[in-house]
Amino acid sequence: MSQIINEQKQLLKEKMVLKENKEKKPRKPRQTKKKMPEKSPENIVENREPMNENLVDLMEQLTVLMSKRGDNIRARVYKRAQETILAYPEPIVQVSQLKGLPGIGPTIMEKLKEYQETGTLELLEREKNKPEYMLSNVYGIGPIKAKELVEKFGIKSIQELRERQEEVLNVVQKIGLKYYEDIQERIPRSEIDKYNETFSSIFDKVKEDDSAYEIVGSYRRKLESSGDIDVIITSTNPFVFEKFIDILIENGIITNVLSRGKTKSLVVAKLPSSKVHRRVDFLYTKHQEYPFAVLYFTGSKGFNTVMRGHALKMGYSLNEHGISKMVDKKKTEQLQNTFDSERDIFDFLGLEYREPEDRKDGRTVIPKSNQKEEKGEPGSQKKEENIDDSTNISPKSIPKEEIGELVQLKEPGSQKIVENIDDSETISPKSNEKGEIGEPIQPGKKTRKKREPKEPKVKKSPKKKVPKEPKTKKTKREKDVFIQSSPKSIPKIENGELVQMGEPVQQNMNENIEVLKSISPKSMEEMREPEKQKKREPRKQKSPKRYIPKEPRTRKVKKEKPEKTKKNKIEKIENELNINQDKKVMAVDNISNAEIEKTKTHITNFKENGITVLESLNEKELSEMIVLASDRYYNTTASLMTDNEYDIVKEYIEKKYPKNIEVDLIGAPVKKNKVTLPYEMPSMDKIKPDSNALSNWMNKYKGPYVLSCKLDGVSGMYSTEGPQPKLYTRGDGKVGQDISHLLSILNLPKEPNMVVRGEFIIPKQVFEEKYKSIFANPRNLVSGIINSKTIDEKSKDLHFVAYEIIQPKMTPSQQLQKLTEMKHEVVMNKTVEALSNEMLSEILVDWRTNYMYEIDGVIVTDNNIYQRISGNPEHAFAFKMVLSDQMGEAKVVDVIWSPSKNGYLKPRVRIEPIRLGGVTIEYATGFNGKFIEDNKLGIGAVVQMIRSGDVIPYIKAVTTPAEKAKMPNIPYIWTTNHVDIVLEDIKGDITVLEKNITMFFVELEVDGLSSGNVKRIMEAGYNTVGKILKMSKTDFEKVEGFKTKMIEKIFNGIHEKVDKASLLDIMVASNTFGRGLSRKKMQPMMDEYPDLLTSQDSVEEKVKKLQSIKGIGLENAKGLVNNIPAFMAFLEETGLKGKLSETKQAEQTTAIANIVIDTSDPLYGKKIVMTKVRDKEIIEKMGKVGATLEDSVNKNTFAVIVKSKEDDSNKIKKAKELGIPIYTPEEFKMQYMK
């Protein structure tokens, strides 16, 4: 007994020393990143040129190539590799110098080796010859557009693109194509000198006293050529920038404007003396940002990357706008320091100033030699971490617990006490099963000095050492966690003393510390008394008030709740572990047959109608769904839900009912051959890649990390600890099924005293070839084999793939190595030093595609030994969804079908919320019925979402199809080409009716009659256009929410706009001619044959006439003619038949027919465009002189007539670019109609 007390007191002394060190020195973060290698002879190969810049350029080319392919994940991987090379501090003369660095994996190394050996990459050479790559070099054409040009239009060369540019390109792309060859050429420095002279002379005309201008980029770094020209301008008056650009346009220096804003203008320019056009970017910046913009856009890229990294180490974020402080890895307010020049920025960051021409790469970023690198302090270097010479314990090793902290005292029977602590052993920072508080001592490392005892002790006889188990780390747990009691005898504390109760047993020292933490300072002193040792004055605590005087063995309680007792505490712990007896875990056996049938109905409804079904169910009903689904999944061959469907339900419950018990259950209770498992078999927590979960986890677990496939089979355990090998299924994690009869066919290694965990699974190819037509999926087949009492032919295809050794204890990497040595079939795995969402995503895609087994994720484990605990481990997790900067995977939770105004049912895909590019996305277009059907988009499908820049998110691909597509649940028919779905009863659909009524009044520009008010009017009983046109003001008073002012406005608006509308206006607004017949299509038909609607010609004759019009095909001609009866019925119903005789088109055509066109008029034969305005006088004039009204602006356009010159429409922009005159109607009349 005295021996135990001595050992406890010795431990307390050690803890007090650790606490003193903690108070003396601040804790510093543990450094885990792999250090860049120092310069050494092994790294340098003489007589070789450094490859740094070439390798950076190589990674840039690969990044661009992958982006053009639309493969954003691999683009990010190459980007990370480029950043590593940029930051490499030494000349790279052998690519082997980069091996093992962050971002440099095996694939990257292969590429680097190939480049070193050949000077190029076969991949690059092959891709450069593809038409998609070539077309994407045209300015304005991205990878998606290039792919469309090749696949949809069959364009495979620049020449073919030029021949069809009017058909397939927008304005900017046409400009890019026009100057394609010029833009591809690099610009000689001598030519940029001339641009500089030209720009400077013009800038002098507009600049003010505080204005400045600079050409930056590679020109400022004095390179011999540049890809384009970057110009930065600053001035207190922002109009200086605008005037400067205007004059360059007026003088013809800027020939084409690609885009123009208040702070940036991207243009094509040409010197008067040159025929070659160049790309020029102009940027305006505020005075306080000017030095940062000049620094950033000067480059080089490698120099900027390393400089920004240096700033981050100091706790700052550096960009082209300024410097901001970083707090908790987030950028906060910008510093208000004054930076007048680039040199000021270098000085602030403690860096030697570099002239622009010296900023070649990251190696030229050099800290000032006389600075200290203290984080957060400008111009400082980090100090080496101090080590306390008195103890040789680093400050980071001090444990968080403090002497005398009051915590929950363990109940008798709940703890074990270490029998022996060898005084000669060194105490180090981390706990392990030897009773140490630290990591094992490594050769060559300092060890703490052995503490001399206060008084000499009586020499004791040597003790027999207890065999030591491997060192482990215990995961940090909440201090209230209840530890299951041991059946062995344990010590008892009475009046502050330890009283022996049976023989002590060996246990992890962390548990021992838990007991000691529960003893008050007073009781610690009392523990010293029995041995009559010389007392040592305890050090003063910083906050003595934190200790509330209580009797030993009582828990610390809040003053306002003194009634709480240890019993309350235990109850609280039971609640947290979901073992409270008042609320039993739901089991299938306790659910009645009626409830089971009801639950099956809920599951069926969910599978057919999506997440909205879950929203209508209560917690009990939802719990029954996952309990029943789990039982059928693990104990039968007929699953009720797919894995993804099950996850949707489970995650919905977790979010809505966070205290629900059933969501934490593992597997399902077995129903036959039940056996208590020798070791618990937990599941694995998942992390959401679009959150901060990964970085938070890495802050706690420093690596290295072992990655392995998350196999999609049945989890099992193989044990050789007993006299006979045993094989088990996981069951519910504690009680499984004995399936040792399968050992006869699995032929597993028989090395004794081993407990191995693995997966029962069947190879994908075997399933495809032999069982696909019989079983729904490989998982169901495996479950059937395991649950069968007999061994048949199917059993011979079963594999057991090992992924963990439970006993004996070893690190995950050692486990996998040992399994391989034992000749087990071992799961695919790899060990890495660092993690990122992008890297895990790439590995998941690779393994999912190329591994011989089905997998549903990547398991990530910290490569250290941890004590096994009840429940899912904290030191490992499952990564199941791909995510990068612009692409992420998400599960489909519903497909919503909505009818358009033409009765076409359009799908909208609802997904589980995912963050891409800083935006939360929950919906995406489903395009059309064919896309949904072909890709089996339904509940539980996994889709790849893309969001690039400001592009609307869309579904790029389907990773996992659903069991079946979720099609509309109302009668529908397919279009003839089987692409779209159309309602069977279009006229009877209330949504279609509402959309058509709304369209009629919106098209006629009736103010106040949008969708909301139309719905209210329809609810009042006026549910057709005809009924609404006949409404009186008194009728409008019956509409909910309509007041006098609103009624007046809408009533007058309706009659005013309808009276002014032409027959063509009514035709377009009625939507009776169907899809594809817009105003643009109907205008020439009605102009050519104004009596088409009333003509007695046959349908065939009318179609033939219309086909003779340029631009009108058979489809459009039939569409109009076949729907004339429907339109005539519409005119009858609305009382608008009078429009047939007063049509403006007929009047204009009659007038033109009775006059001779004046060919001498300046407008004769001219093409005129009107945008956002229609003027009757001008249109009549045009008819008299043979001018035509066009829809688009091009080089043949004579004039553009606008409502306001302040408008910034695309037609006005195009007119300005082409130098076409722009008029208001009044100006045009003054000029041409006097």
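Yeah, the Cβs are placed from backbone N, Cα and C, and that goes for glycine too.
The shown structure was predicted, so the numbers you read here are calculated from the model rather than taken from an experiment.
Copied from TrEMBL, the annotated features are:
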| type | residues | note |
| --- | --- | --- |
| COMPBIAS | 14-23 | compositional bias 'Basic and acidic residues' |
| COMPBIAS | 24-34 | compositional bias 'Basic residues' |
| COMPBIAS | 35-44 | compositional bias 'Basic and acidic residues' |
| COMPBIAS | 370-385 | compositional bias 'Basic and acidic residues' |
| COMPBIAS | 467-481 | compositional bias 'Basic and acidic residues' |
| COMPBIAS | 523-534 | compositional bias 'Basic and acidic residues' |
| COMPBIAS | 535-547 | compositional bias 'Basic residues' |
| COMPBIAS | 548-568 | compositional bias 'Basic and acidic residues' |
| DOMAIN | 50-360 | domain 'DNA-directed DNA polymerase X' |
| DOMAIN | 96-115 | domain 'Helix-hairpin-helix DNA-binding motif class 1' |
| DOMAIN | 133-152 | domain 'Helix-hairpin-helix DNA-binding motif class 1' |
| DOMAIN | 612-1006 | domain 'NAD-dependent DNA ligase N-terminal' |
| DOMAIN | 1034-1053 | domain 'Helix-hairpin-helix DNA-binding motif class 1' |
| DOMAIN | 1104-1123 | domain 'Helix-hairpin-helix DNA-binding motif class 1' |
| REGION | 14-44 | region 'Disordered' |
| REGION | 357-568 | region 'Disordered' |
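Helix, strand and coil counts under DSSP for the domain 'Helix-hairpin-helix DNA-binding motif class 1' (96-115) come to 13 helix, 0 strand, 7 coil. Taking H, G and I as helix, E and B as strand and the rest as coil, DSSP gives the domain 'Helix-hairpin-helix DNA-binding motif class 1' (1104-1123) the counts 13 helix, 0 strand, 7 coil. Residues 33-34, 36-37, 43, 54-55, 58, 62, 77-78, 80-81, 83-85, 88, 90, 121-123, 832-834, 839 of the same chain lie 6+ residues outside the domain 'Helix-hairpin-helix DNA-binding motif class 1' (96-115) yet bring a C-beta within less than 8 angstroms of a C-beta in it.
In terms of DSSP helix, strand and coil, the domain 'Helix-hairpin-helix DNA-binding motif class 1' (1034-1053) has 13 helix, 0 strand, 7 coil.
When DSSP labels each residue, the domain 'Helix-hairpin-helix DNA-binding motif class 1' (133-152) comes out as 12 helix, 0 strand, 8 coil, counted as helix, strand and coil in that order.
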